[in-house]
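Worksheet: one structure, shown below.
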Amino acid sequence: MTSPCSARLQLDENLQLMQAGSPMRKVKSRSWKKQRYFKLQEDCMTIWYNSKKTGNTKSTFSISDIETVREGHQSEVLQSIAEEFKPELCFTIVFHGRRANLDLVANTPEEAQCWIQGLEKLIETVTNMDRKDLMDQWICDWFQKADKNKDGRMNFKEVQDLLKMMNVDMSEHHAFRLFQMADKSESGTLEGEEFVLFYKALTQRDEVLKIFQDFSKDGKKLTLLEFVDFLQQGQLEEENTEEIAMDLIARYEPSDTAKKLHAMSIDGFLVYLCSPEGSIFNVAHEQLYQDMMQPLCHYFISSSHNTYLMEDQIRGQSSIEGYIRALKRGCRCVEVDTWDGPNGEPIVYHGRTFTSKILFKDVISAIDKYAFRVSDYPVILSLENHCGVEQQDAMAQHLKSILGNKLVMSTLDGRIPVRLPSPDELRGKILLKGKKIGRLEDSLEEQPDDSLGEVSDEEENIEVEEERNEDKKRAKKSKERLSQELSDCVIYCKSVPFVSFQHSRAHYILYEMSSVTEYKARKLVREPGNDFVRHNAWQLMRIYPTGLRTDSSNYNPQDMWNVGCQMTALNFQTAGVEMDLNDGLFRQNARCGYVLKPSFMRHVETTFNPDQPQGTEGYSPVNLSILVISAQQLPKVENSKEGSIVDPLVRVEIFGVPIDQTKQETKYIENNGFNPMWYETLHFKIHVPELALVRFVVEDYDKTSRNDFVGQYTLPFKSIKSGYRHIHLLSRDGTKIPPASLFVHIRVTDASQPEQDT
C-alpha cells in the first residue's frame, strides 16, 4: 500500500539513496561513537537503524517525530569531536518534545548532504499535509504495522491483531462482517482500496452523523441555510454566520458539486469539525491579539529555571540545548548560573554539584542565535552570578561582543524611565537581570523631568537624602564584589532583595525587581489583603522553585499567576501538570511568551483579591457546561502489556483562584480506546474566568492502582470556543499525538442565568 508521502516523493534522488541505506556513526560522546546502518522505509515516513555488527533492528522513528535537522558541529557532542570529524560530515536530528537529539557522522560530505536535504524535504512535506493526506498516511501506517508478512495484503488474522493494536475491542463476528464488506474481490484478504474501505467503516463517526442529520433535511447535505442554523444553534456563533458558513464550505468541502451549491456534505462537515476552526481553542487567539504596548510588569512572561539543565540538579547534564529548546517553546526569561571557570572563561552549571559544565560564551551564542526564532519580543537573561570580578568582566565582554546592539545598554530614550518599557518597544532586544552598582540615575546624564514630580516637603527631602546615603553605602559594598562593566549591562531589571511590600513601596524604583523562592512566595500569598497583587502591578517579580527540588520537579504556577507574578520560572525540562499549565497559558497570543494580565491586575489601587474575589474587580462568574461525547483513536499506554486495551475516562480540571480549583470526571469505558462514547455532562461555576485554565485529561482506569496517563490538553478558559469542538490531545511532554482527540460540546452562560440542557 503506497503512502501519500512516498507517492509524492518517489522520484527524489536523495530519498532513493536514503532508501538504499547508509552506514553512519551515531555519536553520544567523545568516547561513544558506534557504527549504525540507517535506512528510509518505503513509506517515506519511517527511519530505522540497526547495528552493522549484528544486523538486529535497534530502533525506528517517524519523520513526524522530527522538528528540524542541524548541519555541522551545532551540538555540544559534535563540537567535542570537531578535530576528528569535519563539519561537512556531521548533522544533528532534533526531535519534538524532550526526546534526546540524534548526532550523526556520515562517511562522505555527499552522503551527509543527501540525508540532510532528504530529511528537510520530508519534514516540509509532512508539515504541509492537509487532513486528507494525514488520514491517508494514518491508514497506510496501520496497514504497514498489521501486514506482518509484508505481502501487501491483509488476512483476517492480521486484521484481528490490528484491532488490538488500535485499542478496539470488537466481537469476532462484527469484525468479520466488516472484513467481508470491504473484501470486494472476495479473495479472503484486503489490499489497497479494500483496506481503506475497512478503515473508513471502522472509523465511521455515528455521533457526528447524528448531529449532521439533526440539521439536514434530506440527511445527505447541509444547505447554506441549514449550515448557518448549525453555526448559530450548535456552535453558538452570533455574528457573521452566513459569511463564516460560506468560508468554511469553500475551505473544507471536498466535493466541487457541493461547493457550487454552497452546501456541505457529511465528509466536509467532519473535516471542518476536525480542523482548527472546529477546535476548542479559539483560532483568533492563535494570532497576536493582545495589546503589546503596556509596561513589562503588566504581562505574564514565560520563564525558565535552571535552563541549562536537561535532567536533575545533582548529576544531570548541562547543555546549551536546554536554552535552544526553551526559546523555541516561546520562553522569554532564561536563567544563566555562572561560576569561575578555567583559563579565565566563566562556566555555566548548577554550582557545587556533579552536573556537567558549559562555557558562558557558548550559552550566550546559542541565545543570540535562537532568541527570536519563534517570538521577536524581548528575552530576559536572569543572571545568577557567582564569578569573581575578573570573570565578570569577561562575561560583560561576551555579552556585548556576541549580542551586539540586541543587548539593552541604556534606557530607550536615554532618560530616567517613568515606567517600564513595553514588549513592543523592546522587540528584538535582550535584557540582563542582575545586580547593579548604585542607581540607574547615576549612569544617566539626563535628570528626571517635571513629569516625575518635585519633592517639596522638607521631611521628604530629609528622607530622600538619608536614602541616598544608604544607597552609597550599599553601592560601595557591592563594588567590591561586582564588576562595573557587568553592572553597566543591567538597565531595566536590577535585582534587589525582597524585604516586604511596604519596604518595596518606600525604597524601591520601578526598574528594580526581586526574585523569591516558591516557599517565600507562598507565605506572601497567604498574607491577608491584596498587597501582592498591587505590588505586581508596578514592579517585576520572579518566582523560582525551592532548592529542595533536586529532581527538577515543579510547583503549581497558578498560585503565582493568581497574584500577578510576571516571571513564574519552571523547570522546562520536566514534564507534568505544571508545565501543561504553563504551555496552556502561553498557547495564546501567537505563543509569543507574553500574555497581558487582566485589567484588574494592572493598576496599583486594584481591589482584586484572589482569596476573596467576590465583590471585587475581576469577579464575573460564569457557568461552564461540558458535554463529553466521545474520543477517537486514543494511543496505547506506555509500556502496556501486548494486547491490552485502555479503559478510558475523561477528567476536566479547573485551575484558577482558590474558589475555582476543582475537577470532575466521567465514568470509564471498558476496553475501548478507539471510539469510546460517554455522553456525560460536567458542570462548573467559574468565579474569575480571566485567570482560569481548563485541563482535559484522558486516563486509562485501573481499579487496583493509579490510573495511567493517555493524553491531555490545557488552555485558558477565555480561549475556549463554545459549541461542538474537538480537543486534539497532547502527550506527556506536550507533543501532538494525532489522530487522538476528544469530541465535546461547550456552553458558557452568565452565572446569573439558568443553564440550558445541551
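All positions are counted from 1 along the displayed chain.
Keep in mind that glycine also has a Cβ here, set from the backbone N, Cα and C atoms.
Binding site for Ca(2+) 4 per Swiss-Prot: Ile645, Asp647, plus Asn671 from the candidate set Asn623, Asn671, Asn675. Record note: Swiss-Prot gives Glu335, Asp337, Glu384 as Ca(2+) 3-binding, and the candidate from Asn306, Asn343, Asn405 in that site is Asn306. Within Ser410, Ser514, Ser515, the residue that Swiss-Prot lists together with Lys433, Lys435, Arg542 for binding substrate is Ser515. Taking H, G and I as helix, E and B as strand and the rest as coil, DSSP gives the motif 'PDZ-binding' (726-729) the counts 0 helix, 4 strand, 0 coil. Relative to Glu384 (Ca(2+) 3 binding site), the binding-site residues with Cα atoms inside 10 Å are Lys433, Lys435, the candidates having been Asn149, Asp151, Lys433, Lys435, Ile645. If you measure from the Cα atom of Asn671 (Ca(2+) 4 binding site) to that of Asp700 (Ca(2+) 5 binding site), you get 10 Å. Surrounding the centroid of the Cβ atoms of Asp147, Asn149, Asp151, Arg153, Glu158, where the record places Ca(2+) 1, the chain contributes additional residues within 8 Å, namely Ala146, Lys148, Lys150, Gly152, Met154, Asn155, Thr189. When the C-alpha distances from Ser515 (substrate binding site) to the binding-site residues Ser187, Glu194, Asp647 are tabulated, the minimum falls on Asp647. Here the Cα atom of Ile645 (Ca(2+) 4 binding site) is found 30 Å from that of Ser187 (Ca(2+) 2 binding site). Within 10 Å of the Cβ of Ile645 (Ca(2+) 4 binding site) there are 22 other Cβ atoms, across all protein chains.
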